[in-house]
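Read the structure below first, then the notes.
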Amino acid sequence: MSITKEFDTITAISTPLGEGAIGIVRLSGTDALAIAQSVFKGKNLEQVASHTINYGHIIDPKTGTIIDEVMVSVMLAPKTFTRENVVEINTHGGIAVTNEILQLLIRQGARMAEPGEFTKRAFLNGRVDLTQAEAVMDIIRAKTDKAMTIAVKQLDGSLSQLINDTRQEILNTLAQVEVNIDYPEYDDVEEMTTALLREKTQEFQSLLENLLRTAKRGKILREGLSTAIIGRPNVGKSSLLNNLLREDKAIVTDIAGTTRDVIEEYVNIKGVPLKLVDTAGIRETDDLVEQIGVERSKKALQEADLVLLVLNASEKLTDQDRALLNLSQDSNRIILLNKTDLEQKIELEQLPADLIPISVLTNQNINLIEDRINQLFFDNAGLVEQDATYLSNARHISLIEKAVQSLEAVNDGLALGMPVDLLQVDLTRTWEILGEITGDAAPDELITQLFSQFCLGK
């Protein structure tokens, strides 16, 4: 267990600024109780039991003016998130009252916390490792219940345990190899060492490669699928967007060229966050504003993870339709044949067979879009296996890929008959890379950069 480090006492508002039922101002540090007590009228906070909530008032110690009626939570080290003394002042929600209390605490000796500093202290004091700290932010940013499930498992230590167990096995292997090198007098020691190294390296590589296979699904659930809705003007793109969102975000008219910009919204499709991009209809136009929208649409198409191409079933294919079919053919594409509630005139024989006939007006077959997304990105395997550990963070994925490369270097060296003591270098490098994931071997600059992405008060 890490020994709690000595820091100054920090404070910040932990709830979003604005009107609300409750606001929370948090303190953490050695002097948290004394500073809170200096502005609190009620029980002596320095004498109350840990993990209790205490009623009272916040007052200005200079004037005696009551600032607010509050409930104050007292949590004593080390059984707190930061492993320091923590005080949370529960106020009435609102910008003025929370800011006033924050300024009082700063005047009484607390320092304004940096973004993510509470979680950073939890990391530095050994309460969480780096993957668990990152999971805190993932929980805050989760857009679906599936994304939250993955983040909660990571916070619970599932990824940490896997990485730490693997690092320990690598360390055990390195120790055994070192012992064998130190006792070369046995005739078969070199052969035994090579066999051990080959077996364990392949075992480690297989484990990490299996973990990498979860990255595609995990990253999608964490970051969402960038989804471009494309089609020529007035085929129903904006109506589809509104249908998926179940609210009117896009202008819907019979006038071609109404959507002149790119509209972005998130929607939860069976646990998958889709970043829906409703693009301006792609067509040749002399309207300068519309031209800009069309160019942005083409860019959105190029960058999209998923393309929803909308065609009009009540009209024959146009040159614009054919151009869009060609433009999107190399994408992860779902072709949607809209307006099937009208008389059908489109030439089906000229279209791929896996299209989905829909009617945005009557909500026909919208559920089939969700099923097709599952087929395209998850091979019908479902989204989240309850006991599985997923990679979802780009930093983790990159480091696991580097670790696999180091293990491949060991295997290549074994195949070439390189001396075992040279191969130890690459295996040791694998151990170090995995340590960067949990923070055991992460540089200070990386740690500072990661926590700077957190919000104030967390």
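Just so you know, the numbers here start at 1 and follow the chain as drawn.
Using N, Cα and C of the backbone, Cβ positions are placed for all residues, glycine too.
Feature annotations, reproduced from Swiss-Prot:
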{"type": "BINDING", "residues": "ARG26, GLU88, ARG127, LYS458", "note": "(6S)-5-formyl-5,6,7,8-tetrahydrofolate binding site"}
{"type": "DOMAIN", "residues": "224-378", "note": "domain 'TrmE-type G'"}
{"type": "BINDING", "residues": "ASN234, THR253, ILE255, THR258", "note": "K(+) binding site"}
{"type": "BINDING", "residues": "234-239, 253-259, 278-281", "note": "GTP binding site"}
{"type": "BINDING", "residues": "SER238, THR259", "note": "Mg(2+) binding site"}
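In this structure, the binding-site residues ASN234, SER238 were compared by how many other Cβ atoms lie within 10 Å of their Cβ, and the smallest count belongs to ASN234.
Summarising the environment of ARG127 ((6S)-5-formyl-5,6,7,8-tetrahydrofolate binding site), the number of other Cβ atoms within 10 Å of its Cβ, over all protein chains shown, is 21. ARG26 ((6S)-5-formyl-5,6,7,8-tetrahydrofolate binding site) has a Cβ environment of 25 other Cβ atoms inside 10 Å.
A separation of roughly 44 Å, to the nearest angstrom, links the Cα atoms of ARG26 ((6S)-5-formyl-5,6,7,8-tetrahydrofolate binding site) and SER238 (Mg(2+) binding site). LYS237 (GTP binding site) sits 40 Å from LYS458 ((6S)-5-formyl-5,6,7,8-tetrahydrofolate binding site), taking the C-alpha atoms as the reference points. Closest to SER238 (Mg(2+) binding site) in space, going by CA atoms and restricting to the binding-site residues GLU88, ARG127, LYS458, is LYS458.
Taking every pair among ARG26, GLU88, ARG127, LYS458, the residues listed as contacting (6S)-5-formyl-5,6,7,8-tetrahydrofolate, the largest Cα to Cα separation comes to 19 Å. The CA atom of LYS458 ((6S)-5-formyl-5,6,7,8-tetrahydrofolate binding site) is located 46 Å away from the CA atom of ASN234 (K(+) binding site). ASN234 (K(+) binding site) and GLU88 ((6S)-5-formyl-5,6,7,8-tetrahydrofolate binding site) have their C-alpha atoms 54 Å apart, to the nearest angstrom.
The secondary structure of ARG127 ((6S)-5-formyl-5,6,7,8-tetrahydrofolate binding site), as reduced to three states from DSSP, is coil rather than helix or strand. Averaged across the domain 'TrmE-type G' (224-378), pLDDT for the predicted model comes to 75. Cβ neighbour count for LYS458 ((6S)-5-formyl-5,6,7,8-tetrahydrofolate binding site): 20 (other Cβ atoms within 10 Å of its Cβ, all protein chains included). Residue environment of LYS237 (GTP binding site) contains 30 other Cβ atoms, counted within 10 Å of its Cβ in all protein chains.
Within 10 Å of the C-beta atom of GLU88 ((6S)-5-formyl-5,6,7,8-tetrahydrofolate binding site) sit 19 other C-beta atoms, taking all shown protein chains into account.
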